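Note sheet for the following structure.
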Amino acid sequence: MAYWQVNKIKYIGPHQSLKSDLGFQYYNPEEIIGGKKMKDWLRFSVAYWHTFDQRLVDPFGDGTAIRPYDKYSDPMDQALAKVDAAFEFYDKLGVNYFAFHDRDLAPEGDTLRETNQNLDKIVDKIVEYQKTTGMKVLWNTSNLFNNPRFVAGAATSPYADIFAYSAAQLKHSLEIGKRVGAENYVFWGGREGYESLWNTDMKREQEHAARFFQMAKDYAKEIGFQAQMLLEPKPKEPTTHQYDFDAATTIAFMKEYNLDQDFKLNLEGNHANLAGHSYQHEIRVARTAGLLGSLDANQGDKLIGWDIDEYPSNLYETVAAMYEVVQEGQIGPHGGLNFDAKPRRSSFEPNDLFYGHIVGMDSFAAGLRVALKMKADHVLEDIINERYNSYNSGIGAQIEAGTVNFTDLEKYSLDKTQAQLRAATHSDHLEQIKDTINHYIIETLS
Ligand code: XUL
Ligand code: CO
């Protein structure tokens, strides 16, 4: 039985009328570009929660979504039907990866034992599908934030029984990760933060979080689950202050607790914006620290101050993100672009899930094309090399080599005139750079 009323989505190329059929304008999976197949650069992943579970609720209204498995009223029957629908969706969209939380797949029972039984039944079915389709899991994760028991956190909960339960839940999630061959394992600390400092022992909570990550890593090793562990920063929502605020804060935490050897970062566009950063900034911070793991692909909206998980469509942002990826040579050792994104509440029909993924995949494919063209032409490399040229010889080279101190630099500077110092600086011509980037976007995609 077909759940989705669409044909397989194909590359149709740019300048086509999309009114007649769905198709990719820029994403051509098998095309070799920059030395790799496009699909290997991008490694797109479908997020189970937003695609198959999301009902398109907002804080003021019920869900509007119409989904092809809604007729199943029993939660386990629906969970099983969703697996069929999901694998048909992956095939029609032409993606090789998906990502999920434990609780996306199956309903909870009263005890963890019952919950695990429900979950295992669904995972059995997923593993069977993987054998026949070759579908891979980019990452899995544990939902340690929805249930009321996590009201004050999971690993950072002030209640030891909740820490213990979270560890037990995560243990099973790691076992499932191993069964489905997940390439990464993500920790997003939904409730790991605080509402108020007046009742919070911040240091103790952060030590507990670090302990939790250590135990997770140790258990993964014990069972031979080789996924790359990833922390996903976000500054706020649902807590007022999330401990893993942004890339820089999370890296400092990882270094303080010796987690930086075993963990890397999963970065998300909308989370970057909430932290007052661009997506590009977060990717740059992670990759220069050698800690870029994977990317959650979505975008925010400057006019709305919360996490809206919109499908990426802003070409300027995807060019900037892919520019970083191209410089890095890959997203991360096992990274991909996971669409942590959902349709708007007013886009409630089943096919809108395809449109959403198509615009997201095309936007990143377009970004990749532009970024590779700019790199091939050394556009920014030449500008940057020139900008720092004064460090390649003379006093600059001595500063970088560490062979001069403050006294030497005083001697060097003491009699320099204002005019000489002004002559040492140059206009950045930033507007010209931006015009050049626009030119590359327009030319490459025309
Ligand atoms: C929440 C978010 C999560 C994580 C996985 O904002 O991004 O969906 O990616 O828990
Ligand atoms: Co995310």
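Placement of Cβ uses the backbone N, Cα and C atoms for every residue, glycine included.
What TrEMBL says about a protein is an automatic prediction, not a curated fact.
Among the features that TrEMBL reports, active site is placed at HIS101 (among others). Within its own chain, HIS101 (active site) has TYR48, TRP49, ASN140, THR141, SER142, ASN143 as residues 6 or more apart in sequence whose C-beta sits under 8 angstroms from its own.
Under the heading active site, TrEMBL lists ASP104 (among others). In three-state terms derived from DSSP, ASP104 (active site) belongs to a helical segment.
A 10 Å cutoff on Cβ-Cβ distances gives ASP340 (Mg(2+) 1 binding site) a total of 24 other Cβ atoms nearby, all chains included. Positions annotated as Mg(2+) 1 binding site by TrEMBL: GLU232, GLU268, ASP296, ASP340.
The annotation Mg(2+) 2 binding site is assigned in TrEMBL to GLU268, HIS271, ASP307, ASP309. In the three-state DSSP reading, ASP307 (Mg(2+) 2 binding site) counts as coil. Around ASP307 (Mg(2+) 2 binding site), a 10 Å sphere centred on its CB holds 19 further CB atoms from the protein chains shown.
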(message) Return only the integer: C-alpha distance in Å from ASP296 (Mg(2+) 1 binding site) to ASP307 (Mg(2+) 2 binding site).
(response) 13
(request) From the binding-site residues listed here (GLU268, HIS271, ASP296, ASP307, ASP309, ASP340), select those whose CB sits under 6 A from an atom of ligand 2. (result) GLU268, ASP296, ASP340
(request) Compile a sequence-ordered list of residues in the same chain as HIS271 (Mg(2+) 2 binding site), six or more apart from it, whose Cβ lies below 8 A from its Cβ; state 'none' when nothing qualifies. (result) GLU232, PRO233, LYS234, PRO235, ASP246, GLU282, ASP296, ASP307
(request) Based on Cα distances to ASP104 (active site), point out the closest of the binding-site residues GLU268, ASP309, ASP340. (result) ASP340
(request) Using the centroid of the Cβ atoms of GLU232, GLU268, ASP296, ASP340 as reference, list every other same-chain residue with Cβ within 8 Å of it (recorded Mg(2+) 1 site), in sequence order. (result) TRP188, LYS234, ASN266, LEU267, GLY269, ASN270, HIS271, LEU295, ALA297, ASN298, ASN338
